[in-house]
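Student: Mind having a look at this structure? Questions to follow.
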């Protein structure tokens with residue numbers, strides 16, 4: 001095998017795969033944030049906590065009810081969506097008339113409460129979650145070894161991301177969503193119940209976070225802090241992609257995951273900050289983000 | 001079915017056959033009191049204009065009818081149904097179409113998506129080919145981004161998309177604003193065609209000469225209420241008065 005710039009291909013591709021996995025989670029999470037921001041104008045700081053809850057629901061389903069991974073894949077996002085709908089109905093919806101900062105503060109506070117509560121009951125050490133039997137093992141691709149579960153995570157996340165993109169950009173329901181993002185008052189004046197759409201959008205956005213939580217459970221450990229660790233990078237992804245841009249969130253999420261992987265190979269010391277360096281550069285050159293529209 | 005409702009309303013009112021009946025309407029944006037007792041009637045099949053200077057309350061009256069206003073008191077009846085207190089998204093579903101002053105074409109939607117966005121609320125709306133017939137400029141532009149159309153075309157799209165819904169009362173807020181005379185002429189032809197089709201139209205207009213070619217009656221507004229009503233056929237006699245009202 002040839003070395004690439006002095007790096008054995010196994011190492012290079014291994015890190016690229018790791019980057020792609022991280023990128024899949026960035027994409028799923030920033031996609032949800034982008035959908036929510038577009039419609040509600042709220043920066044959902046509780047997103048990481050809801051991702052963590054998604055993973056914990058999967059873990060609880062397995063350990064308390066004996067329901068395995070595939071059940072969790074369906075039920076967990078549903079539970080998180082219900083939590084989201086309740087939050088939106090009882091709290092967030094009261095803040096739309098105030099400055100956006102209030103939504104941010106509320107969701108930040110909620111994140112702290114959720115994380116604190118889970119820490120209280122489960123501690124900070126992670127709980128292991130087994131890989132489902134169907135996805136155990138891996139494939140030898142010649143240039144690298146691909147664990148089946150990791151391949152599944154990348155494929156599942158790509159399908160969900162592009163499915164969401166298609167639903168928003170190419171369907172009638174998506175046209176309502178785009179129109180209501182632009183001018184909710186007028187869409188309401190056409191006879192569409194916009195407050196219900198807003199609630200549903202928030203529910204859907206956080207369900208994506210819940211789904212990401214289930215996908216993450218077998219890879220990272222299920223821990224109350226798993227959201228906090230990830231969410232800061234995800235916010236950087238959203239800023240780089242452009243606030244509210246669907247495609248921007250997906251492409252930037254995957255791209256930055258890969259970039260992080262590459263940095264780990266060639267200059268590991270910078271791998272934790274490379275995303276933020278990119279963010280600073282993008283903000284200097286294009287303040288609305290790579291895919292964002294200037295307002 | 002709407003006709004049956006009409007008849008009942010007519011019976012209740014005796015001779016007057018108002019499709020839209022506004023009585024002592026007060027409207028507020030937050031703390032600011034913008035409508036001070038507006039009363040007007042619009043009969044089925046009529047074209048009625050609201051005239052008045054800037055800030056007289058013409059657009060606010062339309063927004064109050066659509067429920068786009070913080071607080072409303074008084075009475076707005078459409079085919080006998082009280083609109084004050086009704087959920088905002090239910091008002092258009094009774095058959096009221098709104099074409100806002102700023103046209104409200106969505107930039108993230110194509111022309112086709114803009115055209116088919118408002119849900120059909122009643123049977124009997126125009127079909128898309130009929131709308132293209134009325135506004136030939138829109139034909140073949142389906143995949144264009146909505147806001148890439150010219151101002152006149154955007155106005156046509158804003159009117160066209162309401163015609164699909166089956167709404168029989170149309171609130172048109174300044175359709176000629178900022179348009180070239182030749183486009184205004186086209187809009188005028190279209191509005192007359194709509195009147196011939198039996199649509200009832202309330203028109204806010206600054207362009208008084210345009211209004212005179214279309215309307216049956218003119219309501220004059222000042223400081224948040226109606227100060228006069230002039231039938232179009234008595235316009236000539238009332239020109240001096242009207243000039244004073246409008247300050248032209």
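Even glycines carry a Cβ here, placed using N, Cα and C.
TrEMBL lists these features:
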{"type": "TRANSMEM", "residues": "A:12-35", "note": "transmembrane segment"}
{"type": "TRANSMEM", "residues": "A:42-62", "note": "transmembrane segment"}
{"type": "TRANSMEM", "residues": "A:68-88", "note": "transmembrane segment"}
{"type": "TRANSMEM", "residues": "A:100-122", "note": "transmembrane segment"}
{"type": "TRANSMEM", "residues": "A:149-168", "note": "transmembrane segment"}
{"type": "TRANSMEM", "residues": "A:200-220", "note": "transmembrane segment"}
{"type": "TRANSMEM", "residues": "A:232-259", "note": "transmembrane segment"}
{"type": "TRANSMEM", "residues": "A:265-285", "note": "transmembrane segment"}
Student: Restricting to CB pairs under 8 Å, which listed stretch, A:42-62, A:68-88, A:100-122, A:149-168, is in contact most with the transmembrane segment (A:12-35)?
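Tutor: Maximum Cβ contact count belongs to A:149-168.
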Student: Contact between the transmembrane segment (A:200-220) and the transmembrane segment (A:42-62) is defined here as three or more C-beta pairs under 8 Å separated by at least 6 residues; is that satisfied?
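Tutor: Between the transmembrane segment (A:42-62) and the transmembrane segment (A:200-220), contact is present.
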Student: Near the transmembrane segment (A:100-122), which same-chain residues lie under 8 Å Cβ to Cβ, leaving out any that are not at least 6 residues past its ends?
Tutor: 40-50, 52-53, 56, 87, 91-92, 223-225, 227-228, 231
Student: Under an 8 Å Cβ to Cβ limit, what residues of the same chain, 6 or more beyond the ends of the transmembrane segment (A:149-168), are close to it?
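Tutor: Sequence-distant neighbours of the transmembrane segment (A:149-168): 17, 20-21, 24-25, 27-28, 31, 35, 131-132, 135-136, 139, 174, 177-178, 208, 211-212, 215, 218-219, 246-247, 250, 253.
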